[in-house]
Amino acid sequence: MTNPVRWLFSTNHKDIGTLYFIFGAIAGVMGTCFSVLIRMELARPGDQILGGNHQLYNVLITAHAFLMIFFMVMPAMIGGSGNWSVPILIGAPDMAFPRLNNISFWLLPPSLLLLLSSALVEVGSGTGWTVYPPLSGITSHSGGAVDSAISSLHLSGVSSILGSINFITTISNMRGPGMTMHRSPLFVWSVPVTAFPLLLSLPVLAGAITMLLTDRNFNTTFSDPAGGGDPILYQHLFRFFGHPEVYIPILPGSGIISHIVSTFSGKPVFGYLGMVYAMISIGVLGFLVWAHHMFTVGLDVDTRAYFTAATMIIAVPTGIKIFSWIATMWGGSIQYKTPMLFAVGFIFLFTIGGLTGIVLANSGLDIALHDTYYVVAHFHYVLSMGAVFALFAGFHYWVGKIFGRTYPETLGQIHFWITFFGVNLTLFPMHFLGLSGMPRRIPDYPDAYAGWNALSSFGSYISVVGIRRFFVVVTITSSSGNNITRANIPWAVEQNSTTLEWLVQSPPAFHTFGELPAIKETKSYVK
């Protein structure tokens, strides 16, 4: 990091991927700090650390959600992993639009600053990440905080749209000779399947929050029934974006998991084509289920029946992926190195999150469970243990390629077990709280809920210890790990991997390929 000009103006996909990773790590640390503050407040009944300031509690909730989704998971998963891996995996010299790639990243820091500054303006933005009116309207949040948060969303949305255009163009036009789509690794497939929903859904969000902005500042009434508007319109528009948005971090994660499970089982992925079509199905179906977040707003019974059925159908391609991973492991000689531990943890916990999703898909049950901690537990099992475990797995899998050094295996495994124990202890009790009717976004609760909340808060402290261990692993690897030569890549040579990233030096040269590789072999594993 000695030359700031190189990092500011770089158009190299590896440099920009590294910037995305660093940015994601910083945002992730901030988001984790907010989540620990939330859990400290909820550790016991009554007012604990926020002095009874319920608005501040909701500002923390809002900032935690935005930081984790828009500034940690998405930049690290799509910007970081995508930028580093996709050009190498398809045999391309770089991304299709390198300068667009640069601005895609540099739109994010100002966006983050706008979000953080919104918390410091007057009483902050305590709307939740959904920013639903009338709570986000000018009468309920009169200062500039919500406007600042909306501007932040606009900027990060532009960043994602530009990045998506870049990835789609790169993968469709810049594959090396012989690298057909059906020879591409599954991570390469997962990126355009992620980019298309982003490209289609973000403009809808932009429209919705622009309406909100004009309602707040220019006296329009899109969300105000007094002027002929409807707050439910905003909910439909937001959720049309918001539901594909929650699949967006998971799909590249599932691509990473496919690589890892294949490598450490010593077998090609079971049902490659099925995996591809399952990913595409999830990407398409994600657009058809948004109103399952809105079962309590007074939808027609036939509308609720449709959204219940459509939501349950998403479980089918998801199940295909889960069972294909299990079938890949079946009969393989499995090595439980750190990436594989995270991959198996991902499969197990993502499955639990999916099962609670099936419960919540029932519109009748959701009337009781909506906005309780059951929903919080569900989406954290999918995101906190799906997307984040996939990121950890991918980091340990490719870190040798990125740094040219091996990570300390024992410390990596300790990191896994502490984190696994911590997140489960945090989130599993939330199912019981939700079934008992404890509502979300409220910083105080009756004494009856005290036991499970105390356990949950204790689990969050353990998770922080695990995440600190991760940064220890990163520091040791980047500064003093064993150098990797082509002969001692930890697992690529053992498993005779034929994805392209293992065939270039570690770390890859500034310009990865002297000449474009010609792909003649379609098998992903040779015994």
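Don't overthink the numbers, they just go from 1 along the chain as shown.
Including glycine, each Cβ sits where the backbone N, Cα and C put it.
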Subject >> According to Swiss-Prot, which candidate in P429, P439, P443, P446 joins E41, G46 at the Ca(2+) site >> reply: P443
Original post:
Which of these, H243, H378, does Swiss-Prot list as part of the Cu cation site with H292, H293?
Top reply: H243
Subject >> Segment-segment contact (the transmembrane segment (103-123); the transmembrane segment (18-38)) at 3 or more Cβ pairs under 8 Å >> reply: yes
**OP:** Would you mind checking how many other C-beta atoms are within 10 angstroms of the C-beta on D371 (Mg(2+) binding site)?
**Re:** 15
Original post:
Which residues, given as numbers and ranges, are at least 6 beyond the ends of the transmembrane segment (193-213) yet have a Cβ under 8 Å from it?
Top reply: 78, 131, 133, 136-137, 146-147, 150, 153-154, 157, 160-161, 163-165, 167-168, 220, 222-223, 234, 237-238, 240-242, 244-245, 247-248, 251-252, 279-280, 282-283, 286-287
Subject >> C-beta crowding around G46 (Ca(2+) binding site), within 10 angstroms >> reply: 11
Subject >> Packing count at Y247 (O2 binding site) (other Cβ atoms within 10 Å of its Cβ) >> reply: 22
